[in-house]
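Taken from TrEMBL as is:
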type	residues	note
DOMAIN	B:178-360	domain 'FAD-binding PCMH-type'
BINDING	B:210-216, B:292-295, B:344-350	FAD binding site
SITE	B:ARG395	site 'Important for enzyme activity'
BINDING	B:ARG491	substrate binding site
ACT_SITE	B:TYR554	active site, proton donor/acceptor
Amino acid sequence: MKPVVDPMLKKRDDFEDMLEERRNSSDLRYALKCYTPVLYKGLTPCKVSELKQMVLQSDQLGYVITQVSKEKGVTSDEVTGEAAAILEEMAQRLQLSTVRFFAFTLSKVFKTLFRSICINEEGLQRLQQAIHNHPVVLLPSHRSYMDFLLMSYILYTYDLALPVIAAGMDFMGMKVVGEMLRMSGAFFIRRSFGGDKLYWAVFSEYVKIMLKNGYAPVEFFLEGTRSRTAKSLTPKLGLLNIVMDPFLKGEVFDISLVPVSISYERTLEEALYARELLGVPKPKESTSGLFKARKILSEDYGSIHVYFGQPVSVRSLAESRVNRSQFNLIPRHIPTRPSEEILSFVNDSAYRLVRAQEENMVLKPWVLLAFVLLQKQAAEEKQGTALDELTEQAVWLRDLSRQYGAFLHWPDHIPPSEVVSSSLSLHRGLVRISEGRVQLALEQGLLYPGFVILSCASYRNQALNVFIRPALLASAIHTAASNRKQEIYNSFSFLRNMFSNEFILCPGATVQDFEEACYLLVKTGTLQINQQEVLITERGHRTLAFLTSVLDPFLQGYQVREMHTQRHSVVFNTNGLTEKQFIPAVRKFIIKHLLTGSLLKCRLRYTEVLSSDLQKNALAALIRLGAVQKIKGYVGFTHLHVHVGLIG
Amino acid sequence: MASNSSGSDSSDRQRIAQQRLSVIAGHLQRPVEGNSGILAAECKAQGDKLDVSSERRTVPRRRQEIMKWNGWGYSDSKFLYNKKGQAEFTGKRYRLSGMIIPGLREWMESTFSANLQHKTPAAPILNSSAVQPPTLNEAFLKELKSTGIPFSHDAEDRVFRSHGHCLHEIFALREGKIGRVPDLVVWPNCHNDVVKIVELACKHNVCLIPYGGGTSVSSALECPPEETRSIVSLDTSQMNRILWIDEKNLTAHVEAGIVGQDLERLLNESGYCTGHEPDSMEFSSLGGWVATRASGMKKNIYGNIEDLVVHIKMVTPRGVIEKSCQGPRMSTGPDVHHFIMGSEGTLGVVTEVTMKIRPMPEYQKYGSVVFPNFEMGVACLREVARQRCAPASIRLMDNEQFKFGHALKPQVSSIFTSFLDGLKKFYITKFKGFDPNRLCVATLLFEGDREKVLQHEKQVYDIAAKFGGLAAGEDNGQRGYMLTFVIAYLRDLGMDYYVIGESFETSMPWDRVLDICRNVKARIVRECKDKGVQFPPLSTCRVTQTYDAGACVYFYFAFNYRGLSDPVHVYEQVEHAAREEILANGGSLSHHHGVGKLRKEWMRESISSVGMGMLKSVKDYVDPNNIFGNRNLL
């Protein structure tokens, strides 16, 4: 077993505010500056059109074209034409002039919206080195539409090679903007192309050729889409698989994967996300919609922190993990389904990278306040919390989270009370302060409090990764029948398994996670652990109570889901529900019970359970655990006798 | 060399033969027999046998009379820095002998950051007291004496047969460190002598290790340290006659101990050649070629050893294995020759071989082509292979080797030549726009009758032109091949100045050539850095053979080890990593060096467990008591 690394020892770089220079010098001159980035040492420069030719003439694509033309009984010229059209629709047309235009406009916009954009410059130096040595893949976290514009903006500012970015086809709907994005390096992929061999071949070859030749760093979002809850999403493997392939097949010596953590003090899409989670459908991306959104320009969104993490070498990830000689016996241009070994390797790597993103995500004091305020709200403290008490709890949480390795930006030179009040004022839309007492700004009506709570929860969620392992352990201790280590481990393992759709928990790392949680709780004096038993120390109770409450809303969410499914299995015994019908049905069910106040014997305290994200994850978990069966798109209850007591 | 000759009369032929051989080796008389520790006795059978060849032989029983004990090749030939600090190659045997090489010093200093002030001289003489006294099997020895076969347990004789030319072997000798060495050396004179020796070894349970030319680079000759029996080195060097030549079938029957240069020279005297020219041909033996599946530089015309061999006789503990006829191809189950070829001395001793021979080529011509980069060069070689028009030899060096080749240019006497060189360089780099840090060169050797050679040459140059290749003259080509023979001497010079290195080879399908070259070179550089090597290493490669379905690639790797406490260990770790990289990228464990003990650990993954079982069961049947106990391969 690997020794647990003390999170307190994590070294992180310092930040510099890149907007400061923008505020002091001409934006126009900046947009027109001389731009000479360091390029990949093995680069053979080529034009956008040559790149397309290389894709169309590649052995890989040629093979698939022949195959498809045989299957469909059309000439290979026709299929090639089709491939060329796909490529045309997909390909980027990176143009420095467009980038310069963005550099100018974004400077103006950013200066209005944000107080600062802080970057770790050492990370950029590492990135520059990485770009010189090997093909680079940039993997930013995804919380906002802003992310990829921001990334290119930073790289342009620091004279680094501009990336090509995998973007969802939905952007193409915005005609002008879509083309502008294309010219700033975006290439567009259809959201789903399941069985389309040709599309897949064009797409994967396009990405691989750009990567292998060192044409530009390739950028994409591991999470696949913006996280509406600010929790990291379970990583998508398709693109990661594609970019690792050239290394696994020996076509390049190594590839550097660079996780980038972008944290927003206030997310631009704050309101939008909450609405979506409550079931108000996502507005379609359109240029006019973008202009309507300009009212956000008048608000203060605090600061952004962007942390460029340590480049991860695919070679070292694969060392003693993957037997590369498995590709020796089939020509490499013939597409093959990745082996189990490769899939699990890519999956584990993806989790590692998402964790690396999480670890370098800067947390603001408000995140901790959100924790406290949500817990108070759930405890139904109607009058709110006194400012002093809020400050005291926030400081306590600050110290705790630091001990757990959180990357917390808490200005230590300012008195805590001021830190708290300035955070509250930035998020004044979500809180109400009266007579020195603070509470969430819940008005009447059901959806509106839901909206505030979900917004607030999305801030709290930013810090969940810091607490998740200790919290799982705390809940395990809470529910285990005895304090025997083995028994606690068993409940830990059960909880962890249940929540593996909800949080980033690397598959197969239960033992490591358990060890890590034990290590943290022992180190902070919460627990004492000997050979057989786990004992709670005198001063450990407060921490444990807090940690247990971290998971409460989620536990309750899963429980509701389960109860709902049970009910339905009685009502719709034979038919079941389609998956699409399911979530609205659950929502209705919850609202009913929130209004009536009780459900079976257990009271529903968390409005958060309304979140469609939570419900989707819960359903996925129940299906995975075999409690619910999915039959041809229908959902039906099988039989559930898992730790019902535990959840209660 | 014979680059511009024509005609086919015999005197001309003879002249070609002499010219060619003067490059390869000098001729030495057979030494006087009966030195201390050696019992002289002629093979009884010799008189009955027909020996078509003359009496001059290169390798004496006492190798120490002409060869270095702790370095490559002849004692009189070596690189050194003279009093003026210029590099010089001593002796008279090679074209480079006696010449000043002005560029070498600068190349060494800039490539390795080596410094003439920092010397690491070798132990000057072999200290016999450092050699363990022999463990002799008295009963075996007594019976051996009665056969009259010469033997010796002299320390020098034993040490000479205890090693090949791996870096760690030579490095240890230079430091005067001597490990387990054979306890006895025997010199059979003919097949029947070998039969007797093997019988006695079986009877007295003595371990036999066959020794041919001693050029192994796979630790194949190392005595297994765990071997407790008396180890007898069976030196085949005195079994070196051509027994007959069959001009009707174009075959020659040869004793397996003959070394390459003698075989070619003797056949040349009759107007024939085998065309088998491995880089080690001055010293390596026919039996060794068979035992390791050797490959020669001109295999495109003549074939590799497995294509050249018609009949093999091998003495095993179970008896003699040979086929009953000399049919050119047979369908008689799996070819038993293929149990013998590549058996690396684990099954028995190859004593006699019938080989194909060819009339000597009427005309030879060297050539070279410069490519703008390595990728283009590989693409050209691939196309040449596709059209099956490869010349006798075609090799592609990468940029580093191209530079190295230039550093080895001897001092030119005429101003005109250097002026011409300058002009060429200007044309290629300035006029044609080749980047001197990317360009690479292919060397060519054409053979055959004059007209065909010229036609062939044109065809190859036309293909090269399609890949941006420019003809770069015969001289460059010829120098490239000459270097093959002196490069091994150069390692000894490096070792005098803190530089150690070695070459290793592999083979792979065409589509992986570039990937393997790039990745292995990069891996070497990275591993050196990780292992604490203070200076950037030399990590270079060349494509040395082309096939229909792939190519053979050589890697050269050397570094300055100043500041390292255990340089050989570092070297071995890096080579190990490089081999892992080769295998991971779809290269083979070896193209022609063999496995020995150095690469044993990868055998199972290379040939599968069932494959291992097959080889094992052959070994178990043929040699159940592990008399041939060098422990190679399995």
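Cβ coordinates are placed from backbone N, Cα and C, and glycine is handled just like the others.
Cα distances from B:GLY213 (FAD binding site) to the recorded positions B:ARG395, B:ARG491, B:TYR554 are smallest for B:ARG491.
The Cβ of B:ALA294 (FAD binding site) has 26 neighbouring Cβ atoms from other residues within 10 Å, across all protein chains displayed. Within the same chain, residues at least six positions away from B:PRO210 (FAD binding site) with a Cβ under 8 Å of its Cβ are B:LEU234, B:THR236, B:GLY287, B:ALA291, B:GLY345, B:VAL349, B:VAL350, B:PHE628, B:ASN630. In the three-state DSSP scheme, B:PRO210 (FAD binding site) is classed as strand. When the C-alpha distances from B:GLY348 (FAD binding site) to the recorded positions B:ARG395, B:ARG491, B:TYR554 are tabulated, the minimum falls on B:TYR554. Ranking the recorded positions B:SER216, B:ALA294, B:ARG395, B:ARG491 by Cα distance from B:TYR554 (active site, proton donor/acceptor) puts B:ARG395 first. When the binding-site residues B:SER216, B:ALA294, B:ARG491 are ranked by how far their Cα is from the Cα of B:ARG395 (site 'Important for enzyme activity'), B:ALA294 comes first. The recorded positions under consideration are B:ARG395, B:ARG491. Their Cβ neighbour counts within 10 Å are lowest for B:ARG491. Sequence-distant contacts of B:SER216 (FAD binding site), defined as residues of its own chain at least six apart whose C-beta falls under 8 angstroms from its C-beta, comprise B:GLY164, B:HIS165, B:CYS166, B:GLY288, B:THR292, B:GLY594, B:GLY596. For B:TYR554 (active site, proton donor/acceptor), other Cβ atoms within 10 Å of its Cβ number 20. Secondary structure from DSSP puts the residue listed as 'substrate binding site' in a helix. Counted within 10 Å of its Cβ, the other Cβ atoms near B:GLY213 (FAD binding site) come to 25, all protein chains included. You'll find the Cα of B:ALA294 (FAD binding site) roughly 22 Å from the Cα of the residue listed as 'substrate binding site'. Mean model confidence of the domain 'FAD-binding PCMH-type' (B:178-360) amounts to 97 (pLDDT, 0 to 100 scale).
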